[in-house]
Amino acid sequence: MFFAVSVLNNLSLAYRISVPLHIIFRSGGLMVGMVLGMILMKKRYSRAQMFAVLTVTIGVIYATTSAKAGPGKKPSAPSGNGSGSHEASTGDYAIGVFMLTVALIVSSLMGLLQESTYQTYGSEWREGLFYSHFLALPMFMLFYNDILEQLKIFNQSTPIPILQLVRQIGPYLPSSVAYSLSSITVPRLWIFLAVNTLTQFMCISGVHRLTSLSSALTLNFILNLRKFTSLLVSVLYFENGFGFEMAVGSSLVLLGTIMYSMSSSVSTQKPSVTTSSKSVIASENNVSSPHHPKKN
């Protein structure tokens, strides 16, 4: 499940799914988790929780239907009247949305499975974090050729001197050491990948630690603050498209999630709170990477 969700989340970016929409869409896990919890686990939810999830659902649907196709894939060759390109764009976008939907469902199922496993065998976040990633590694060999191609691209990226990365300590190094470091270079994309891996590890480890120390209310507030920060960075720094409709949709998603967290914190139904936490963990375990398998 972890492998499937990771691949689908990354692959969807090749089908004109913008990063802001990607962030908003994945916030719809509350809706899917609630429906699956009611069907599979026979859970019950308060009216306040249902209303909050309905708000999230409306926000996700509004943002999805109003979003323009992103730059994840090169446009098709234009036809005589231009309709072929438009149809290809719409078709690619629909495929990307379908991938995100499937990933959301599988992620919620994984959250319910994690909850059942923790209830039966005890909650040890380090063990769950390790096995969910370690057991999925061999499956990525299915993308062996794509991985080799990406490695070539990484190795051919602009080299950066090691000394340039440690400018602050450069003046304090012996001249011989500084000279040696200045002659050693690392491809730029490898540095980006290292930073991306480190920050993802910190994020996922923090989520697992947080769920063992705090309530679902605190967990949801902090994670939504992180998603909101990611959204701001994506829009302001990377200049990804974000229109008025996307802003309205993301606001509804944020509002609905906060409402759900508040209603869960005052609810006497303990399983509902647990389900919220585990579903969020399953979602956060699959943070998208900027590098993904290419569409054939």
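Every residue gets a Cβ built from N, Cα and C, even glycine.
Note on TrEMBL: of 152-180, 268-296, the range annotated with the feature region 'Disordered' is 268-296. Contact between the transmembrane segment (20-41) and the transmembrane segment (244-262) holds: at least three of their C-beta pairs are under 8 Å, each pair 6 or more apart in sequence.
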